[in-house]
């Protein structure tokens, strides 16, 4: 099996385990401790992830993305085992906290390193297409995990679920060793575009950020806007809303599955978006943000389960189109020696917004209503999307 295909298989297995763990953990925390405590635990995981992301990209570039991914997978295995032991022996806040923090730390090391490794495995100029297919594979994996874990939460002992997640992570760890420790992509058939990033030896991270009219910097700000508005709303508010309406964990599992299926279709569409048409790519991203805003607002008013699930599926479609298009633009402007740090920056602005988003959602849910964060997120998206659309249209 070629290294790139092996890595895509590893990424799919990791996505299955991670998403299933997150769904079961969220439902477990919400049903056992309530929305406030659940938000606190997830915030702790996000802070640990953020701390490792801060150094993970630099470590991947200077040390080895291969070794960093290995460590991240080992931390995942330990996290799943610890949380499983906690659920087996009865609630223990210190033990559960340890498991949640280890998961965040492992994810923080794994995420930027995975981007750096993917850059090494991908032919020059093909990253946009490759990241779109990564989106498809991880969306399929996420859908499978969401569909099964939501229902399994109500039928299977918790410790068995968490231990099965550890086995999945162990399988990913074993398969990952089939990838050479120093992989490199085959020579590209196409030529590099004339405006490609300058040689890394003569650049700094700040220079990379401002390459090609600030493509990397603007892309990072856009990613921050999207994730700050949607992460808390979908990961905290949506399951709490479904439990409040009496739809149960199974409905949330279906929602995760539909979001992932929408992401699959969106990823396929994104893979067909030409890399040499920046105006079209900006239109895809800007339009996606504004549609995000409309759909998030509609979730506030959705009291029918089929309507809510349809809105979540549409959100997944938008994410599947906009996210890989945006990430592809950013990474295609990053020199290979900066791939870890740039991908670290992508994860920093996306996952770094999660602690604030979770805390803000917890406050809004306690102070106003369970669905209130939907309106706040929609307003932020609409404002940011309008500003970005106006800015990019002038630059073109």
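Heads up, the Cβ atoms here are built off N, Cα and C, so glycines get one too.
Here TrEMBL flags 7-30 (among others) as transmembrane segment.
Among the features that TrEMBL reports, transmembrane segment is placed at 36-56 (among others). Within the chain carrying the transmembrane segment (36-56), a Cβ under 8 angstroms from the stretch's Cβ atoms is held by residues 25-26, 29-30, 68, 96-97, 100-113, 235-236, 240, 340, 344, 347-348, 351-352, 354-355, 358-359, 361-362, 366, all 6 or more beyond its ends.
Look at TrEMBL and you will find 68-85 (among others) tagged as transmembrane segment.
Residues annotated as transmembrane segment in TrEMBL: 91-111 (among others). Packing against the transmembrane segment (91-111) from elsewhere in the chain are residues 14, 18, 21, 25, 32, 41-42, 44-53, 56, 59, 68-69, 71-76, 78-83, 85, 343-344, 347, 351: each is 6 or more residues past its ends and has a CB under 8 Å from a CB in it.
Positions annotated as transmembrane segment by TrEMBL: 132-153 (among others).
Per TrEMBL, the feature transmembrane segment maps to 159-179 (among others).
Within the chain, the transmembrane segment (216-238) has long-range Cβ neighbours (under 8 A, six or more residues past its boundaries) at 22, 26, 35, 38-39, 42, 208-210, 252, 255, 259, 285, 289, 292, 296, 299, 312, 315, 319, 322-323, 326-327, 329-330, 333-334, 342, 345-346, 349-354, 356-358, 360-362, 365, 370-371, 373-374, 377-378, 380-381, 384-385, 388, 391-392. Positions annotated as transmembrane segment by TrEMBL: 216-238 (among others).
The feature transmembrane segment is assigned by TrEMBL to 250-271 (among others).
Sequence-distant contacts of the transmembrane segment (283-303), counting only residues of its own chain at least 6 positions beyond either end whose CB sits under 8 Å from a CB of the stretch, comprise 222, 225-226, 229-230, 233, 238, 245, 270, 273, 311-312, 314-315, 318-319, 321-322, 325-326, 371-372, 374-375, 377-379, 381-382, 384-386, 388-389, 392. Residues annotated as transmembrane segment in TrEMBL: 283-303 (among others).
Under the heading transmembrane segment, TrEMBL lists 309-330 (among others).
As annotated by TrEMBL, transmembrane segment applies to 342-365 (among others).
Here TrEMBL flags 371-390 (among others) as transmembrane segment.
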Any contact, the transmembrane segment (250-271) to the transmembrane segment (7-30), with at least 3 Cβ pairs under 8 A: yes
Contact between the transmembrane segment (159-179) and the transmembrane segment (309-330) (3 or more Cβ pairs under 8 Å, separation 6+): no
Contact call for the transmembrane segment (68-85) against the transmembrane segment (7-30), three or more Cβ pairs under 8 Å: yes
